[in-house]
Amino acid sequence: MFYKIAQKVMFQMDPERAHNLAIGSLRMTGNGPLNAFYAQNITPAPVSFMGLTFPNPVGLAAGMDKDGESIDAFHAMGFGHVEVGTVTPRPQPGNDLPRLFRLKPAKAIINRMGFNNKGVDNLVKNLIAKKTDIMVGVNIGKNKDTPVEQGKDDYLICMDKVYLHAAYIAVNISSPNTPGLRSLQYGDLLDELLSAIKAKQLELADKHKKYVPIALKIAPDLTIEEIENIAQALIKNQFDGAIATNTTLTRDGVSGLANANESGGLSGKPLTELSTKVIKQLATCLQGQIPIIGVGGINSAEDALAKFDAGATMVQIYSGFIYQGPKLIKEIVEAYRLK
């Protein structure tokens, strides 16, 4: 009931202003008595993923809490993990406003945020300050003004700084809103990046006597051949996990709607089938060697179950969480326990 009232108010506001207000409110209430307005008890449904044990298979996707400001609040809601970021080595403002659009009839969102964040040093401070022991993944990317050819340096800088504070690290090369970023998904650039990241992971594991798993987040706009090539690169470089998928550049299912022609990545219900298809293809290519987090268009427990059936070990929600609220977490966990 509380979420429906809050949502009604928020949906009258500019989407980015509403988002910032929500994150700010959650930051202030996350670990105090006011979190009773959204906290919920969820029956544990432990799942093993990348050598880690999560209390349940439902996580918050990257992009919601870029700077790790409201982690404790999302823990109170019952998420099994939170993925913060995307974070870059240096702070950056992101793309020009407006850059976030609701497509309410389709339960969808278009964004062209452009990795707006306060930088990796600020994120680390927030990770240290969090009060709860929730599993936190850190999604890392490159700064907009870093040439693609030097992009791996940005990922390595972020790895160095977040390594001791992350349950796992997610490598984002699939956002459509940073020029040239998706080119890192192909050919020599992909192999060079994954090789460098794996070498850095092993170096840090030896230095700190702690192994932090690494996952790669991929786009939904890939051919089967491109998916096969990514799978082979993941296996070759001994990555620990994959996250499928990011937002799509397609506009299937939103034609004619207000804001449908805005540039950026489309998320939400129109992405459901495409994301599930990519998960299934990726799982087939990986042959059980590397586990997958399924994300993209999960608007119901049934959508999540389809991701599990396609080969995902865990799932993440974002747009569906905005449209459905925290109850979606509980519904998915209950369905998972019964499957």
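Just so it is clear, glycine is given a Cβ too, placed from its N, Cα and C backbone atoms.
What Swiss-Prot records for this protein:
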type	residues	note
ACT_SITE	Ser175	active site, nucleophile
BINDING	Ala62, Gly63, Met64, Asp65, Lys66, Thr86, Asn139, Asn172, Lys217, Thr245, Gly268, Gly297, Tyr318, Ser319	FMN binding site
BINDING	Lys66, Asn111, Arg112, Met113, Gly114, Phe115, Asn172, Asn177, Asn246, Thr247	substrate binding site
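Each of the binding-site residues Gly114, Gly268 was scored by the number of other CB atoms within 10 A of its CB, and the lowest score belongs to Gly114.
Cβ neighbours of Arg112 (substrate binding site) (same chain, under 8 Å, six or more residues apart in sequence): Asn95, Arg99, Leu100, Pro176, Asn177, Glu262, Ser263, Gly264, Gly265. In sequence order, Ile23, Phe74, Tyr318, Phe321 make up the list of same-chain residues 6 or more apart from Met64 (FMN binding site) whose Cβ falls under 8 Å from its Cβ. Comparing local CB density within 10 A for the binding-site residues Lys66, Lys217, the maximum falls on Lys217. Binding residues for substrate (Lys66, Asn111, Arg112, Met113, Gly114, Phe115, Asn172, Asn177, Asn246, Thr247) extend across at most 16 Å, taking the greatest CA-CA distance. DSSP gives Arg112 (substrate binding site) a coil state; it is part of no helix or strand. Those residues of the chain, other than Lys66, Asn111, Arg112, Met113, Gly114, Phe115, Asn172, Asn177, Asn246, Thr247, with a C-beta within 8 angstroms of the mean position of the substrate site C-beta atoms are Gly63, Thr86, Gly94, Ser175, Pro176, Thr178, Gly264, Gly265.
In the structure as shown, the Cβ atom of Ala62 (FMN binding site) sits within 10 Å of 27 other Cβ atoms. Largest Cα-to-Cα span within the FMN-binding set Ala62, Gly63, Met64, Asp65, Lys66, Thr86, Asn139, Asn172, Lys217, Thr245, Gly268, Gly297, Tyr318, Ser319: 20 Å. For the recorded site, Asn172 (substrate binding site), the DSSP three-state label reads strand.
For Asn246 (substrate binding site), the same-chain residues lying six or more positions away in sequence with a CB closer than 8 A to its CB are Asn172, Ser174, Ser175, Pro176, Lys217, Ile218, Ala219, Pro220, Gly265, Gly296.
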